[in-house]
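Taken verbatim from Swiss-Prot:
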| type | residues | note |
| --- | --- | --- |
| DOMAIN | 88-166 | domain 'RRM 1' |
| REGION | 165-203 | region 'Disordered' |
| REGION | 167-207 | region 'Linker (Gly-rich)' |
| COMPBIAS | 175-190 | compositional bias 'Gly residues' |
| DOMAIN | 208-286 | domain 'RRM 2' |
């Protein structure tokens, strides 16, 4: 077993000539380490002759980036990754497919210290799903990043950035912007609004609706819509929030325009990893109408 000691800290990326070795939904984590305490113990049997370690220059002089690999997971010895409050997490949507975790980290470090970056990938195709999550060090940096990068253009796309936890409730809100000035970015947080949805009191057909459970607290209507749009035309996407606290209850509903899209979504998305959780997708049971 070969051991490599790093004296001057830089970004380190372990790369392989085999693209399939990369783990989809890999998380890029940043954390401080003393310059003398980092040791990478790499098993020659798990890496092979094709692996290499390349320095990556960054303004972070005392931070280390480690990308998660299937075959290196047990061979890289580092400090345990700390947990961060959901208040420090940002959702980043409408990303170009070429943007990976390293590129996203390089952008958001302009607003402060980046702790964790995750771009969400499709397990089968390995392609980016066009959205991800960024965790900053402080709430002030979260606000700065949201103000600085919401609407920021990358490769011709204006990215969407908003904080993970639910903001204060607003009446009659919807993502698409109810006319008359009552719109809010995330939408659906007061139980009377929806992402793409029915405006002016029109009801949404619930016959083609799926239930989505075990959602991370940082997933909102926008993230849900971004994910499920890959399987068809999303008529409505809504995360259910607690009326008192305003926080996500960890589940939501997505409505499609056809039964085929519902079946495709269940087959393709049930059990996939979204922001560190294996989501549950099933046909939603229509609740019986109240009798008065």
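Even glycines carry a Cβ here, placed using N, Cα and C.
Remember, it's a predicted structure, so these values are computed and weren't measured experimentally.
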Tally of DSSP helical, extended and coil residues in the domain 'RRM 1' (88-166): 23 helix, 30 strand, 26 coil
Averaged pLDDT score, the domain 'RRM 2' (208-286): 87
